[in-house]
Amino acid sequence: MARINPNKLYVQDVTLRDGMHSVRHQYSLDAVRAIARALDRAHVDAIEISHGDGITGSTFNYGFGAHDDTEWIAAVAGECKFSRITVLLLPGIGTVHDLKYACEAGARSVRVATHCTEADVSRQHIEAGRKLGMDTVGFLMMAHMAPVEKLVEQALLMESYGAECVYVTDSAGALLPKQYAERVKAVRGALKPETEIGVHTHHNLTLGVANAVAGIEAGAVRVDASLAGMGAGAGNAPLEALIAVLDRMGIETGCDLHMLMDAADDLVRPLQDRPVRVDRESLSLGYAGVYSSFLRHAESASKLYGVDTRDILTELGKRRMVGGQEDMIVDVALDILKSHGAEAAQ
């Protein structure tokens, strides 16, 4: 699906999808309508809406959502005249049938997300997105965990399946600007000129905006961000801050900065039951290279078993756990508790 203005940076908001993690997937329909309406009026190119772990992510493992994905999608679609409605789909969680239902509810773009070494599982879903006439994107998560050459190989696979854009996704907020730029530049250089590159950053090391800018300078033309940084861990690149920086750089976005500031402070921040910020727990995510959405699961395990959240996250990083292994968080907490008991007995 061709973009309306291919010469302008494409701004993809993720407040209503990645931000789901911040509220344990409990956005009300009224809340998503109000936020979508504000984003649409501010002329954000696209708005992603679904369970934090993608369509059909509402499960015991990831957390149950307040509403069905199609309800959320339809609510957002009903408010938008300008912005394209986007969904996230993780193969193994969401299916082709789920994607069809999302499209019927109003979604016009899909990002098919896999771990950065598992692009081969995305073929069926990327092909389905193209057949449905959707803007179809490949989304390589946890990009810090693969060498540059491997990342390029996986991006080429997604492109060969029909992806019109491939994202280099720093799901853990673990990359430094130079490292991120290196990955984006390599992927940009390997793919066809017409295949776009996107960047998705997290703020766990306070580098969300800096990494987004580094990725844009390295060749990305799509960028993710969220109002007030609403997202997993310490959040994503704050949309209003990113737009301000890009404006200072002379990069056209077409977004209304003041409207975004108002939406961030008036609509989004009041919904946070846990502040989305860099603190000892979220900083540990970036430092240990752990999937950002593990934060609230790890905090729950910490409270239940009396183990420091940082210890849980550090051990998850050592074990190289990735998205989809949320069930291992409790195992790690119990192992730490057991080791503490053994130490006390000595």
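Quick reminder: no glycine exception, Cβ is built from N, Cα and C everywhere.
Feature annotations, courtesy of Swiss-Prot:
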type: DOMAIN; residues: 9-261; note: domain 'Pyruvate carboxyltransferase'
type: SITE; residues: ARG17; note: site 'Transition state stabilizer'
type: BINDING; residues: ARG17, ASP18, SER171, HIS200, TYR291; note: substrate binding site
type: BINDING; residues: ASP18, HIS200, HIS202; note: Mn(2+) binding site
type: ACT_SITE; residues: HIS21; note: active site, proton acceptor
Between SER171 (substrate binding site) and ARG17 (site 'Transition state stabilizer'), how many Å separate their Cα atoms?
14
Residues close to Mn(2+) site centre defined by ASP18, HIS200, HIS202, Cβ within 8 Å:
VAL14, THR169, ASP170, SER171, GLY173, THR201, GLY208, ASP224, SER226, GLY231, ALA232, GLY235, ASN236, ALA237, SER292
Suppose the substrate site is ARG17, ASP18, SER171, HIS200, TYR291. Which further residues of the same chain have a Cβ inside 8 angstroms of that site's Cβ centroid?
VAL14, HIS21, GLY52, MET141, THR169, HIS202, GLY231, ALA232, ASN236, SER292, SER293
Please work out the mean pLDDT for the residues of the domain 'Pyruvate carboxyltransferase' (9-261).
97
What Cα-Cα separation, expressed in whole Å, is found between HIS200 (substrate binding site) and ARG17 (site 'Transition state stabilizer')?
13
Between the C-alpha atoms of TYR291 (substrate binding site) and HIS202 (Mn(2+) binding site), the distance in angstrom, to the nearest integer, is 10
Roughly how many angstrom lie between the C-alpha atoms of ASP18 (substrate binding site) and HIS202 (Mn(2+) binding site)?
10
Secondary structure at SER171 (substrate binding site), reduced by DSSP to three states:
coil
Under 8 Å by Cβ from HIS202 (Mn(2+) binding site), same chain, sequence gap 6 or more:
ASP170, SER171, ALA172, GLY173, GLY208, GLY231, ALA232, GLY233, ALA234, GLY235, ASN236, LEU285, GLY286, SER292
Using a 10 angstroms cut-off on Cβ to Cβ distances, just flag whichever of ARG17, HIS21, HIS200 is the loneliest among these recorded positions.
HIS21
Secondary structure at HIS202 (Mn(2+) binding site) (DSSP, helix/strand/coil)?
strand
In Å, how large is the greatest distance between any two Cα atoms among ARG17, ASP18, SER171, HIS200, TYR291, the listed binders of substrate?
15
